[in-house]
Amino acid sequence: MVIRSLLLLLLAAIVPVFAESGIDAWLRYARLPSSATRGHLTSFPDRIVVLNASKNGPLASASSELHKGIKGILGLDLDVSSRGGKHCSTQKSIVISTLDTYQSACGKLSPKLNLKEDGYWLSTKGGSVQIIGQNERGALYGAFQYLSYLGQGDFSGKAFASNPSAPVRWSNQWDNLNAATAAHGSIERGYGGPSIFFENGLIKEDLSRVPLYGRLLASVGLNGIVINNVNADANLLNETNLQGLKRIADLFRPWGVNVGISLNFASPQVLGDLSTFDPLDDSVIKWWTDKTDRIYQLVPDLAGYLVKANSEGQPGPLTYNRTLAEGANLFAKAVQPHGGIVVFRAFVYDQLNETDWKADRANAAVDFFKSLDGQFDDNVLVQIKYGPIDFQVREPASPLFANLPKTAVSIELEVTQEYLGQQSHLVYLPPLWQTVLGFDMRYNNRQSYVRDIISGEVFGHKLGGYAGVINVGMDDTWLGSHLAMSNMFAYGRLAWNPRADSRDIVEEWTRLTFGLDRDVVSTIADMSLKSWPAYEGYSGNLGIQTLTDILYTHYGANPASQDNNGWGQWTRADSKTIGMDRTVSNGTGNAGQYPKEVAARFEHTQTTPDDLMLWFHHVPYTFRLHSGKSVIQHFYDAHYTGAATVQRFPAAWKSLKSKIDTERYNAVLYKLQYQTGHSLVWRDAITEFYRNLSSIPDQLNRVRNHPHRIEAEDMDLSGFTVVNVSPTECASKYKAIATNGTGTATTRLNVPSGKYTVAVNYYDVINGTASYDVLLNGKSLGKWKGDSETHLGHDFSTFLDCHSAIRITFEGVRISRGDKLTIRGTGNAQEQAAIDYVSILPQGVVD
């Protein structure tokens, strides 16, 4: 009998691993193992009591979510009762209510609560649970937090109030109405499939993904969403689409998510047959007032408008010599009677002349907006990107945060990894974001963290907040990557509490997404926390920016693209020196845009931190950093260290194979293995570029020294031709081989007999599917297709370059000296079979 009981206990503790697509993200509500629930179920509340819930409101969603979550996590099917505000029975119950209703029914809570808008009180002490929101939305947030504790096996008694750091916590989607006519497809900088909202210029009939998205947003405390691209299509405002907007808002409303829209400033001219869009013209004012009134008729709780104006070709008030504030206030006055707000982006800049030493895109936000401080209406938020340029791998906090004391502001973060690996690379972003949120601007020589400026605390504003460019799509993983969802989760957590710890956040996300196993949690957390420093290491260092191709995909390496154009993301690199001189004394003056204490620090190399040295200073490659290294040697070392870090990710993930469902395990492994290869492409391209430019060798003799490589152009070729690659540093030794038909490349292996890893670096472009076979002495080691576009979501290339460069590896291959290695490639449609090199790597050696 004892043996049987132990066996049953053991079986109950085993949680089966089922295939999962990722659609539920961190809201899986997976059953806890019995070891985590032992001793807690008998005393668990047996019913959910909802006080005075409005129909289809957040309180009703909270009760249904609690029922669903508890049934999934604990296997308990609790009774749910909805009661009016005059009833109060809380014994062994989970009571969920707004504060006013609860206190009216049950008396004052103790201790006295100071709940802000959307805040909540959560108590799990005693035999009952109290989830009390300042409003219905707050109660929903409290319910999700309680379910997070349960999902992590945390049954400890708690009693606390939680308030959001800022009232505005929005998702921004850059979805386009019509993928066929938009410059960047269905979702600009989206890597998780097509839009969940739009199709062929209209709002989709099938909006079934919308409430699922709303649920995810609400679960991390996000209360608003702008559904369309800031490069807005005026046709969103036609009557057909406004009816569709109502349908979207109705689906988000139960989750407490208010819908907002991006506007095209020229809409009165585009849609309204007016001859002007001058914001001070009476006919334009009337057009916007009437249009806004109509929108609020359909969507009475519309969050408001988001406006991108006079930037990157978008129309705006400067066309008519009106100020940006006058442009913002046009919309602010239209939405003010309805309680809406206007978010006006500070991302305004002009094309610049690089020959002008003083020209600097980083100055643009302050140049355009500082003089307008105090001229914006009270319901306007100026939305500021976290850094002065554009979502780079490292930037200083935008100085504009310290230059608008009379204006409410919000920060714009980018969850989608536009410049940071586009979800094909694991890059966990909170450590990057916290370098900005935790930066002290020292306004008037007093403590003034960016996070406290955003909240309104420093300058006394009621309005303030966060915008996260998330860009989910129709892919089951939402963002195109299971691990990238940690960034969406973390964005919500940091918008609620910007002091939250990055490791705590990713560990919570991991438990909810992949389970409680300690090895799973520690492995994913460790990889995640190493990922941003690694990506910075093999992409762009010392504040030089990401060094990606800014003229094409924003994905692979192309450091030359930064310079010799008007975009202003310059490195000013030549054969002797590198970096932007942003000093007041000799440069663009950008350092002087910061408050005095910070400006003095950034003005001098002696007090500028190494990680921003090239952002603020133009120095020789031989300049000695605080670390003691020269700039160029730091580049070499950082790129090799960063790439080496991610080489360890696949092995770490493989150690979890028995603990992760097969579907997600394989999907993540594919991306991590891809990242190991692409990080080497990055490493080699950047180090080779600056080795060529500076003529300074790597002190450790790694750059240009690849003893395990066999260049494809040096093999015996049949059917292949030697081709150029551009940029040249995107190919080892600057050349590749390619064929439109079928070709073979053959060589004899002059290596000691033993076990090796065979790696093939090739190119995978879109618009075709080339096929490959690698053979040893005529026997196939493996076949594959150039079809990575079916597994990866980044912006693909039609060229042989650093975007299309990719690697495949075959481990544990036994080779004898003199063996014949052959690669057979066959082109297909527009894709040539193209090969860069082969590496024959001793076990444990990184190329």
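Yeah, the Cβs are placed from backbone N, Cα and C, and that goes for glycine too.
What Swiss-Prot lists as signal peptide is 1-19, and the listing cites sequence analysis. Among the features that Swiss-Prot reports, N-linked glycosylation site is placed at N52, N238, N321, N353, N586, N692, N740, N767.
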State the count of C-beta atoms found within 10 angstroms of the C-beta of N321 (N-linked glycosylation site), not counting that atom itself.
-> 8
Which of N692, N767 (the glycosylation sites) has the most other Cβ atoms within 10 Å?
-> N692
Around N238 (N-linked glycosylation site), how many other C-beta atoms are within 10 angstroms of its C-beta?
-> 14
Around N353 (N-linked glycosylation site), how many other C-beta atoms are within 10 angstroms of its C-beta?
-> 8
Quick one: what's DSSP say for N767 (N-linked glycosylation site), helix, strand or coil?
-> coil
Cα of N767 (N-linked glycosylation site) to Cα of N692 (N-linked glycosylation site), in Å and rounded, measures 33
Smallest number of other CB atoms within 10 Å: among the glycosylation sites N52, N586, N740, that is N586
Using Cα positions only, nearest of the glycosylation sites to N238 (N-linked glycosylation site) (N52, N353, N586) = N52
Pairwise Cα distance for N692 (N-linked glycosylation site)/N740 (N-linked glycosylation site) [Å, integer] | 32
